[in-house]
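**Student:** Got a structure for you, questions after.
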Amino acid sequence: MPVNLAITFTIGVTLGWIAAKIIIPGSHLQSLVIACCSGGNWGTLPLIIVPALCSEPGSPFQKASDCDSKGLSYVSLSLALGNIFIWTHNYCVIERSAKIHKGRFMKNSDLSKIRDADLESSEASCYVVREEDKGEYETLLPSSTKADFEEPKSKNDTSVDAITNSRGRFQEIWNIFKKNAEDVMEFLLTPPTIAAFIGLFVGVIPTFKSLITVEDAPLRVIQSSLKILGNASIPCTILILGGNLTKGIQKSALKPLVVVAITVIRYVLLPICGIGVVTGADKLGFLPESPLFKYVLLIQFTVPPAMSIGTIAQLFEVGEEECSVIFFWTYLIAAVALTVWSMVYISILF
């Protein structure tokens, strides 16, 4: 499943980047297009769909006695791993896009203020030589005149300059490495990512698992409390999604082509790629003989964009209205697309 999610995410990032370069939705929206094409709703919707398939009369998955428990475990793992991808890569991409967009906005406002000030003192500014124009004035001087001002350097000075330059380059490389490491740690220490790591840590180690998750565990109150909160999270998330859709649906200037591109990528190209990936992995013997597990892998290629993307957009105040429009149409089409592709997947698996 981690490999399947990584492949899904990589294909989505690639297709989203190509779509952003072709459509050119705007500098602050390119990251949003990439995020919506790569980060899927790998938790909330599968938590609704998979248990419903297990309890549906006449469903082929209903034959398995442990369909509910295994389906819940598959979807929970999908949710935990998906949050890691969304809150690292997508979080980073949208944050950098927001910083660049806000930086350009501040720069343009500062330039407008400078222009207003220059208009008041235009006569004095005519005699000011800008730093970038000095090179043009130097080219007007004869080469002999410029050479007169340059003092010859000794060999010792040259070696000292070389050592200083090498130290400066090393320090610059070290600063870049340090900054990137701090950024990675910042992205990895987001609350959803920490929760996913803790859940995987407890679930993988049998000692901690026996203390919390089994029926007679001494710390089973933690499991029961988290289960109550988890049952309430799905309707709360759906309500939050509905509230976010009201922003910008009437006043957004988003190109319709952007919505069409994201819809085609999420509901046409990604499912086709998913069938090829899962079928190929099955023929190579990488998958267990569990149709439910294969169905969960296939459905990961078909879900709409993750709701967390809207949260990240609101956090950095970039593309909020456009994100609500994208969510409105993608989740509206998801009702039909998920039904159609589920029929295709079940016909392939059975």
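Cβ coordinates are placed from backbone N, Cα and C, and glycine is handled just like the others.
Straight out of TrEMBL:
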type: TRANSMEM; residues: 6-24; note: transmembrane segment
type: TRANSMEM; residues: 31-53; note: transmembrane segment
type: TRANSMEM; residues: 73-94; note: transmembrane segment
type: TRANSMEM; residues: 187-208; note: transmembrane segment
type: TRANSMEM; residues: 228-245; note: transmembrane segment
type: TRANSMEM; residues: 257-280; note: transmembrane segment
type: TRANSMEM; residues: 292-313; note: transmembrane segment
type: TRANSMEM; residues: 325-348; note: transmembrane segment
**Student:** For the transmembrane segment (6-24), name the stretch out of 228-245, 257-280, 292-313 with the most CB-CB pairs under 8 Å.
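**Tutor:** By Cβ pairs under 8 Å, 257-280 leads among 228-245, 257-280, 292-313.
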**Student:** Under an 8 Å Cβ to Cβ limit, what residues of the same chain, 6 or more beyond the ends of the transmembrane segment (187-208), are close to it?
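**Tutor:** Counting only partners 6 or more residues beyond its ends, the transmembrane segment (187-208) has Cβ contacts under 8 Å with 76, 80-81, 83-84, 86-88, 91-92, 308.
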**Student:** Against the transmembrane segment (31-53), which of these stretches has the most C-beta pairs under 8 Å: 73-94, 228-245, 257-280?
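**Tutor:** When the Cβ pairs under 8 Å are tallied, 73-94 comes out ahead.
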**Student:** Counting Cβ pairs closer than 8 Å, which of 73-94, 257-280, 292-313 has the most of them with the transmembrane segment (228-245)?
**Tutor:** 292-313
**Student:** So if I exclude everything within five residues of the ends of the transmembrane segment (73-94), which remaining residues of that chain have a CB under 8 angstroms from its CBs? That is, six or more out.
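**Tutor:** Counting only partners 6 or more residues beyond its ends, the transmembrane segment (73-94) has Cβ contacts under 8 Å with 1-2, 5-6, 9, 13, 31-32, 34-35, 38-40, 42-44, 46-47, 50, 183, 187-188, 190, 192-193, 195-197, 199-200, 292-293, 296, 300, 306, 308-309, 312-313, 316, 318-319.
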